[in-house]
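Have a look at the structure below, then the notes.
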Amino acid sequence: MSVESKKTRQACCSKLKLFLVSLAFVYFAKAFGGSYMKSSITQIERRFDIPSSLIGVIDGSFEMGNLLVIAFVSYFGAKLHRPRLIGIGCLVMAAGSFIVALPHFLQGPYKYETSMSHNTQVNSTENILPCLSNHSLSEKDEVPDVEAMKACEKAVGSSMWIYVFLGNVLRGIGETPIMPLGISYLDDFSKHENTPFYLACIHTTGILGPMFGFMLGSFLAKTYVDIGFVDLDSITINYKDSRWVGAWWLGFILTGVVILLSSIPFFFLPKSLPKQGEEEDGGNKSTELASGPEQESFLPDENEDGEDKEKAVTFKEMAKDFVPSLKRLFRNSIYSMMILTHLVAVNGFIGLITFKPKFMEQIYGQAASKAIFLIGIMNLPAVALGIITGGFVLKRFNLGVIGAARVSITASLGAFSLLTLQGFFHCDNAEVAGLTVAYQGYQQVSYNYSTLLSPCNMGCSCSMKHWDPVCAYNGMTYASPCLAGCQTATGTGKAMLYSAEGTSCSTLDPGCSRKSDCDYKFKIYMALTVAGAFISACGATPGYIVLLRSIQPDLKSLALGMQTLIVRTLGGIPPPIYFGALIDRTCLKWGTKQCGGRGACRLYDSNAFRMTFVGLVTGLYFLANVLWGILYVKIIKRQKKLALRNQAKDNALEGNTQNNGRANISISTNKEEENKESSI
């Protein structure tokens, strides 16, 4: 009884399960850090006063880091100590996260754009005059000297975003080994029928990372960037203002610590394991010295003599076999088609998730922090439930490659249908005088900087560059107190009030509320996105199984690595850049940098933004569904060929058995015995 109980305990707490738990935690950690980066995109854009196209380059730098090493890590890493390489990768990721946060400590306090001077006297009661008739317009809007601008930029550290770029590259390099080496290690040493369920568990645990990442992003988006360094009572804006910057840097320190902790277990795991179910029979012969399917035919057993020679020969053999392995891999038409389908779908997904908070902010008038929170609390749990549902369906109905492909394409079509419906529920442009609507009592055909001026503010010599929005009691938002015609200002901080003859406006909100039906439309939009996220996620695990089952066992790590390389290079780097560049074209009002020059966009044309953003995402997902249909036809044809081939072999064996009589009976008996022995 004691021996059996020990065996049971060993089976329950096997090293494979320890690896499974460790891999699930590192998936959580990397997703936690990655989603926090996505949630901080708007804050980083505002802090460094950069356009969406440049923030797209920074966001894509993670994939650039992957591109540098993925092929080598996937191929050569499969022949080395895979768990240890995963641990080293986590250490590199953590270092990258800390470097991303570094600019906050190297540059001075954040000074947001305002038409008023930054008042350090918090309790001051002096009146400020927004309308300055004794200044000329050219004096406020003149182009600064180039040399002075360069000196100013150097002083304020306007190029500090480069640290964020480099840190994100390091994060990408460190993340490289986790997926190809972790999944191939798990698939090599687990039972064939358990792999889908294990993958579903890992990805479901990984989904918790984005939930926590977006919730952390939401919380820190409400926390002022220089908390602990400035008197918050002196800040005249709140978290709903488009100039507000949250404590983005703090999140990267927290995510870096979590990733650092996730690396520890991998340094204590063996290079290889016995196949699941063979622990009791393998005994001492096949413990940590057993080689996995990808390693046993490649690496010779290590002897005490000539160890260095064997290692050198092994590396030469690996290098020599690399190109032929690539040719074998891409001759597989189903694998190549899977890569193309995933590539198109990932283009749409990356563009969607990168700019979705900004979309919700501009189209539905939601604060950036609320948009991030809703994504984390509503969409991501739906994704987690969808992933585990997809894995459960595969295991419950024991679906093969064709069944998995059917589930995946059905989920893709359902998600596309809901995505198309989302475009019909939107709000109108925010009413900003001179930009989206005419000043009351005046007719305007088109809107640009010149239309910001009207008879009610002509005598104020207002700057057209400043973005310091105020909401008037007449329901209109003005680009600045001066452009609203305000003559005086009273109060301090967020309680400051501006007034003019017959008009009074307040800086308590960055803009007036949208129309009442906008909240209703936003609720419908969120319901559609949650349902779409669940349906789309149901096809994730089946799609992954189709990929795994379409490649030769000895090419598994290389195939997963090349998939990661291609999809992340062409599906991860370009979308944030071209999405961002096209979104920039819909900007109505650009901010002004501290040293002059164009900063981040403050207000978009919501209709043009919506058509650009939704149109791009919908078009890409439509193309992905077309490719899924072609892929499904190819899978059906291949399965029919395999069935016919197997049937021909069986018929040939039966014919040989009838012709050869007893001799073949004994041979088949021996073969059956050999098969039984090899399956134990």
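Glycine too: its Cβ is placed from the backbone N, Cα and C atoms.
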Students should find that the transmembrane segment stretch in TrEMBL, chosen from 154-176, 246-268, is 246-268
Model confidence for the domain 'Kazal-like' (450-504), as mean pLDDT, reads 71
Any chance the transmembrane segment (197-225) and the transmembrane segment (367-393) have 3 or more Cβ pairs under 8 A, given the pairs are 6 or more apart in sequence?
yes
Quick tally over 85-106, 246-268, 367-393 of CB pairs under 8 Å to the transmembrane segment (57-78) gives the top stretch as 85-106
In contact by Cβ distance (the transmembrane segment (399-421), the transmembrane segment (367-393); 3 or more pairs under 8 Å): yes
Note to self: Could you check whether the transmembrane segment (613-633) packs against the transmembrane segment (334-355) - three or more CB pairs closer than 8 Å, residues at least 6 apart in sequence?
What the structure shows: yes
Counting Cβ pairs closer than 8 Å to the transmembrane segment (524-547), the top stretch among 246-268, 334-355, 399-421 is 399-421
